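Colleague: Sending over a structure as structure tokens; questions will come in a sec.
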């Protein structure tokens with residue numbers, strides 16, 4: 001209305017009733033505002049409240065309660081009115097002022113809510129009726145300049161929506177893609193290697209006019225005594241941490257007489273020892289002393305791993321070589337890529353950074369000790385670099401590819417409006433993509449190993465397989481991201497992962513359908529938003545360690561055999577039953593006690609380490625959570641690794657009892673079948689009739705594993721402790737349990753009573769499915785490490 005009354009415009013669209021205005025009808029006539037039912041542009045749905053799918057129930061309850069109290073007929077509307085905005089100096093704030101009530105929908109299809117005619121109109125306009133979440137592409141930007149370019153890109157295309165998301169570095173982009181906070185990013189070869197190890201896949205590669213990009217070492221022509229083999233004590237300029245040209249390639253050559261290409265496996269350590277100081281954005285110590293930070297606050301936030309550090313990237317390394325505008329902070333040698341070197345030299349003057357520099361003022365350092373002009377880079381370089389790869393999560397490859405192809409086609413038709421492969425107008429180079437890129441090449445049919453090339457890949461393997469503790473400390477932020485679920489198998493050779501799951505340990509894991517991305521995202525949202533998570537685990541989490549469970553269809557003990565675990569009353573009543581139990585347990589103990597935690601156990605321990613898990617309750621007696629290092633832990637049914645005397649109550653280690661069994665039964669050898677979830681094996685009565693069972697060394701009493709047998713009850717103090725920890729929590733996650741036993745199921749009933757949300761991860765139905773808001777049927781080891789990444793410290797053996 002204000003727009004129209006300013007006299008600068010002739011038409012407006014409004015819902016306000018004003019006597020001085022008329023409606024324009026589609027037949028060319030005009031009508032009073034009150035005649036909107038016959039003079040309009042069409043009828044559509046009203047406004048609506050939207051939320052995540054896993055918050056539907058909570059949102060419905062909240063909205064219903066809110067309008068009961070503050071709605072048109074609300075009992076407390078004199079204090080606050082939900083559908084009134086005038087008191088706040090506006091109109092239609094939060095809700096339209098004319099709203100009578102909120103109609104709360106059940107789980108209706110969106111077409112039923114919007115109306116079939118409206119949905120048909122949307123489809124006719126090319127929307128296809130998909131949600132914004134299904135169509136938007138979230139691109140990762142690592143600096144203010146990239147953010148600005150990305151936003152102009154978003155305004156210049158007519159394909160799917162583009163959202164620009166900020167990250168602190170390329171490594172942070174990879175982590176955000178893994179966490180589903182971003183969808184795609186263009187990565188250099190080193191970061192593409194890292195991303196591939198973390199489970200991301202290439203969609204397209206950048207295509208350049210020349211076959212390869214090369215890493216080169218550049219010096220000022222006036223620095224006559226600088227060459228390979230004589231760089232010790234110099235000042236160095238590197239593009240950024242993990243950059244192929246600035247970080248990876250130089251260390252492959254003899255930088256000084258004290259250093260050769262095999263001295264260290266950590267390039268950063270090489271540079272810190274060879275050079276006096278330098279600028280390697282993203283590093284620390286002496287390799288940050290030449291960096292100068294950003295323009296807004298000179299000297300602050302120095303050495304950041306993005307364009308906000310003015311010595312970042314190829315352009316930054318060149319700036320570092322010539323020095324800042326004051327001429328005080330500069331390097332003696334710069335390691336960068338050759339493809340846009342001469343253009344960057346020209347831009348030194350055009351950008352106002354430094355005047356008078358020409359290509360003639362610089363020379364290349366050759367690994368053989370020569371110096372050469374910039375035009376001789378084909379014979380004087382440090383190595384070839386693979387193209388940048390645009391990478392994403394596997395499930396998004398088709399969508400990201402379609403988006404890039406549409407975007408490329410749209411922008412090619414209007415190159416003067418926006419150039420995707422140009423960065424100088426933003427004061428930098430190689431923003432989002434390399435400036436020498438001509439187009440994108442489809443690579444979804446190739447893996448990242450093939451695209452990077454065998455030589456480059458092998459170099460990366462050699463460096464990142466380095467297991468020295470100093471390297472791990474120096475590169476801990478990188479390891480925190482790299483050691484996520486897909487990277488664990490790759491790092492088994494470092495001997496830090498004795499728990500790696502092999503195919504043979506999956507024999508007892510039931511089959512499950514592929515997990516959908518939507519349900520995984522729901523579970524991820526649940527875990528991220530829960531601040532004090534209460535976890536209860538069952539036998540299903542240990543099947544991936546090679547221990548069978550009881551009830552899994554087709555592979556559980558009850559499905560494969562007629563055997564049933566010993567009952568509490570039978571163990572107490574019958575010495576023969578105790579003899580049979582201990583004989584079977586003695587035979588099965590060496591195998592049962594050797595099982596190690598799998599990826600799911602390690603993931604839960606890492607969640608505890610970052611404060612996500614408030615308390616973990618396990619119904620298992622296998623001690624795998626303890627072996628994984630879980631601290632806030634209750635073993636609800638006890639642990640087979642401990643033995644208790646029913647007479648005096650003394651406790652001892654099960655391993656010590658094994659030695660006593662061996663001493664009492666010399667030469668007693670039998671063959672047995674597979675091990676049960678409690679360590680039991682099947683033996684006949686004839687096989688065990690001569691087996692001798694020791695008594696308590698203190699009182700001669702009966703020895704029993706410190707576990708709750710079937711038919712027994714869990715200690716009341718233990719139950720009370722667990723209930724208290726549950727009440728202190730704000731979310732419950734069930735992992736690998738059908739909850740058929742009441743001792744565990746009772747805690748789900750408490751959660752339901754207290755309105756604590758519940759999520760379940762288990763293959764097959766559970767007793768508490770009706771109490772949960774999220775239900776995921778998949779392997780625990782596939783899902784849990786994907787929710788939060790594991791760090792190197794959590795993966796190390798406790």
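Yeah, the Cβs are placed from backbone N, Cα and C, and that goes for glycine too.
Curation does not apply to TrEMBL; its annotations are automatic.
According to TrEMBL, the record shows the following:
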type     : residues                                : note
ACT_SITE : 637                                     : active site, proton acceptor
BINDING  : 538-558, 619-622, 736-738, 762-764, 780 : NAD(+) binding site
BINDING  : 645, 648, 696, 699                      : Zn(2+) binding site
DOMAIN   : 1-127                                   : domain 'Transferrin-like'
DOMAIN   : 137-465                                 : domain 'Transferrin-like'
DOMAIN   : 513-797                                 : domain 'Deacetylase sirtuin-type'
Colleague: Can you give me the residues near the recorded Zn(2+) site, meaning same chain, not 645, 648, 696, 699 themselves, Cβ no more than 8 Å from the center of the site's Cβ atoms?
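Modeller: For the Zn(2+) site the neighbour list reads 646, 647, 649, 650, 695, 697, 698, 700, 701.
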Colleague: In sequence order, which same-chain residues at least six apart have a C-beta under 8 angstroms from residue 699 (Zn(2+) binding site)?
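Modeller: Residue 699 (Zn(2+) binding site) has long-range Cβ partners 645, 647, 648, 650.
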Colleague: Any idea what the Cα distance is from residue 637 (active site, proton acceptor) over to residue 622 (NAD(+) binding site), rounded to a whole Å?
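Modeller: The Cα atom of residue 637 (active site, proton acceptor) is 10 Å away from the Cα atom of residue 622 (NAD(+) binding site).
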Colleague: When the number of other CB atoms within 10 A of each residue's CB is tallied over all shown chains, which of the binding-site residues 538, 546 has the maximum?
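Modeller: Highest number of other Cβ atoms within 10 Å: 538.
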Colleague: Helix, strand or coil at residue 645 (Zn(2+) binding site), per DSSP?
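Modeller: Once the DSSP labels are grouped into three classes, residue 645 (Zn(2+) binding site) ends up as strand.
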Colleague: Counting across all protein chains shown, how many other Cβ atoms sit within 10 Å of the Cβ of residue 762 (NAD(+) binding site)?
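Modeller: A 10 Å sphere around the Cβ of residue 762 (NAD(+) binding site) contains 27 other Cβ atoms.
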Colleague: I'd like the Cβ neighbour count for residue 622 (NAD(+) binding site), meaning other Cβ atoms within 10 Å of its Cβ, all protein chains included.
Modeller: 25
Colleague: For residue 538 (NAD(+) binding site) and residue 696 (Zn(2+) binding site), determine the Cα separation and express it in whole Å.
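Modeller: Approximately 31 Å lies between the Cα of residue 538 (NAD(+) binding site) and that of residue 696 (Zn(2+) binding site).
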Colleague: Please determine which of the binding-site residues listed here (648, 696) has the lowest count of neighbouring CB atoms within 10 Å.
Modeller: 648
Colleague: Across all the protein chains here, work out how many other Cβ atoms are within 10 Å of the Cβ of residue 645 (Zn(2+) binding site).
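Modeller: Total other Cβ atoms inside 10 Å, all chains included: 20.
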Colleague: Pick out which of the recorded positions 542, 637 has the most other Cβ atoms within 10 Å of its own Cβ.
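Modeller: Of the recorded positions 542, 637, the highest Cβ count within 10 Å belongs to 542.
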Colleague: Out of 546, 622, 762, which of these binding-site residues is nearest residue 696 (Zn(2+) binding site) by C-alpha distance?
Modeller: 622
